[in-house]
Every structure is written in C-alpha cells, then in structure tokens.
C-alpha cells in the first residue's frame, strides 16, 4: 500500500511503478500509481479536513509540525540513506538535505509570524487589523533532485498557515516521498490534512485538473511549469506558485586566487551532478592570459571529479544522475553543441553502461550562434569569452530564464552594476550560484518562475491577507457628511 489518503494507507489503482537505484539497478520501491478516482478521493479528504485544521490555533498546528522535525532528527540516518540510494547522490549530500529539512521548520514558524502574522493599528474611533487566512486545499508537486527538502519547503509553511494538502512526489523519487509521509503519519496529523498520491504524468494531470483545488505549489522543470500555467489560466481564484529552472550565468572577472575561483565554479556547476536549478550552465570568462590560465585550471581540476556510488568510501564529490536516461540526455546535448561548432574542453563520459555515473563536461561556445535557450540539467558547462564587462552582462541576460546569476570579481562597483542590470532573482558576488540563505527569498523571474519565491517568502503564498476595520461599539458620528439629516423633525 503506497498511497496515504484520509489517514489510511491504500493500494494504488493505476499503473505499476518500480523504482531502481540509478547506479546499481537494485529495486528500491514498487507500487501502483493513484488513478484519477483516488486523486479525487484525496481532494475530498483534504476538503473535509480543512475547516477543523484551519480553526486550530497556530500553536496547535506548530506542535504537530515540530513533532515532525523531531522525527526527522531521530530518523536522519535512515532518511539520508533512502534519499541517497534513490537519487544516486552521495551520502554526505543527502545528509545535508535532511538537515535542511529540519532547519526549515523553525525558519517557517518564524517566517509565518514575520510575514503573515497579525498586526493592529489603533485609530481614533477603533482599529485597523491585518490577519492572514489559509487558501484551503493545496496540491504540492515535488521534484526529484531534492525529494525531501524542496517539497518540505512548500508543505511545512502551507500546513502552518492552516491549509490541507495533496502531495505528489516526483515519479522518479517515490520512495523518498513514501518515507517522508510515514514520518508525518507518526507526527499525528489528523486524517485528510496531508495526503500522498504517487504517480507520473496521468496522476499529475488528474491532480492539477481538480476543480475543488484552491492552489498548486510546484517545483520542477520550466516545461512542466508552463503546462501548469496554461492549464490554470483563467482561474485567478487559485494560487499558483512556480519555482522552475534556469540557464544560469556565472561571470568571471579579475581573479586574484585562481584555485578559489575554480572551486567556486565547480561548486556552482557540478555539485549534485549539475542537478540543481541554480547550477551555473553558462560561464563568461574575460579574454586574455589570466582567463586562459583559469580555464586550463578549471579543466584540470574538473577532470579529476570521478562520480561514485552513494556509499563509496572515501565519499565522492558527485554521484550518479537520477537515471541513465538523464545522463544520456546530457551526453546528447553535448554532442549537439559540438556539432553546432562548440570546442570540447572536457568530454562528459558515462563510466559504465546501464548506470547514471557521468563525468562533467566543459565546452567552449564563443562565436557560435543560434543556440537553444534551454536548461541542460546535468554536469555540462558552456563557456564564452568576453572583452568588456558590459558585454558580459548583455550575454548573461540573453536568456528567457532568470533564476540565478553570479560574479567573481574584487570590484564592488561591478557587482553594483550587475545588481542594477541583472535579470535574475538570485544575484551572488564571490559566492557559488548554488548557495542560498533560508532567510532570503529563493526563486526567479521570466521562465524561472512567477515571482512567488520560496524559502523565507513561502509564507506569502500559503495565506491570503484579510484587512478589518473594527470597533467594539457603534455610535453616530458627531459630524455627518453633507446631505445627511438625523434630526427629529418630521419631513412633510
């Protein structure tokens, strides 16, 4: 039984789904998808549970969410292993994901009070109050690259605000979704407050098509996000939060410490095997001998990166991609770029057929035109050379995406210029693109999202503001507007 609906584990009535380790091929999880009828059942359960859950005090909801945080802590090793085995990422990185899930709880509680709590302003004849109310039933679509942390970033603030939820994990990470749901079950959520439906495209389409849905919170690819946006167009009554991908630029200016800059670039481009939405996809490098030296060092260090299994000792920097198909898509993208005129500096290689272990690739595209503006979700970095900083910014902004952007430079003035001109929701200076602060917004503009960033700002899209003018008594004003007569004279 792999679906959690209205407080019970049930068997899916859809197609059989089998999840294997992307490196070893070991079967990790299997179960049936939810069909459309079961998606509808989950929605009805969430709707029935909503009034009581929303009427609980914030403190009562907080107790259950904090209980979940405690369960994450006590089950950290087990959940780390599940995420690592299912995604292919090394144990060390999966452990940081579970830690981020735990830390998200306290941050979300604080964010609720700061961003969506209650405020009261006294007036001469009463008061003006601001409160926030939950939307109702929300669907949460999870991605596969961080199958615990990223859905958690929607689920936790949504529950704290008083919403009820239908959660669909990525079809590529059903085991992680299952494991997290079982911890929520132990946390004692009332039946129907959080429901789990497993499945792929058919399940997702059934979920997003539900009429009795008050909103949808999505993290994933731009293509799927665009489909959801089109599907929900003309329905302003539904909140839609989209956090999508990016064709992210990293600009390398003057560099005092080449190894430090190379380390930052590798952290930006190749961590998580390039499967972070904020990963650097495009590297803009200043022309000249220093740029040449940097590029040579980047290639030399990158070719030492050998992907390994999740439990290898010593631990590798990167593991496998989510699937062999995903790894092959990166290789195909590199071959297409090479055919268009790109100069390969480091060729990506599948270490073994039947696995997703892929080495990083670097290809120079200077002077090549007509390139597709698409995100290649893996360890493939494209390089361009530039002459002036203005040219670098123009090239960096030449994308429909707008998630992250970065600059390596000792000059604050250049960063100030980038802050004014960059088209991105995250703009970093001498920091990896993949770094983020949980107390700052996380999200982008353009094809990267719809201006509803997650992290600290997730509270904003999980509740709507309610304004009130209030007085505990009613009296006739001493001064009336023109034309109003409340005298005792009888009008004849």
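Note that the numbers count up from 1, one per residue, in the order the chain is shown.
The backbone N, Cα and C atoms fix where each Cβ goes, glycine too.
Pulled from Swiss-Prot, these are the features on record:
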- 243: active site (ACT_SITE)
- 277: active site (ACT_SITE)
- 220, 221, 222, 223, 224, 225: NAD(+) binding site (BINDING)
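The Cβ of residue 220 (NAD(+) binding site) lies under 8 Å from the Cβ of 141, 143, 170, 244, each on the same chain and at least six residues away in sequence.
Of all Cβ atoms in the shown protein chains, 27 besides its own fall within 10 Å of the Cβ of residue 243 (active site). Sitting within 8 Å of the Cβ centre of 220, 221, 222, 223, 224, 225, and not among those site residues for NAD(+), are the Cβ atoms of 218, 226, 227, 244, 245.
Of all Cβ atoms in the shown protein chains, 15 besides its own fall within 10 Å of the Cβ of residue 221 (NAD(+) binding site). Each residue contributes its Cα atom, and for residue 225 (NAD(+) binding site) and residue 243 (active site) those atoms are 8 Å apart. Most Cβ neighbours within 10 Å, among the recorded positions 222, 223, 224, 225, 277: 277 holds that distinction in the structure as shown. DSSP classifies residue 243 (active site) as strand under the three-state reduction.
On a Cα basis, residue 221 (NAD(+) binding site) lies 8 Å away from residue 243 (active site).
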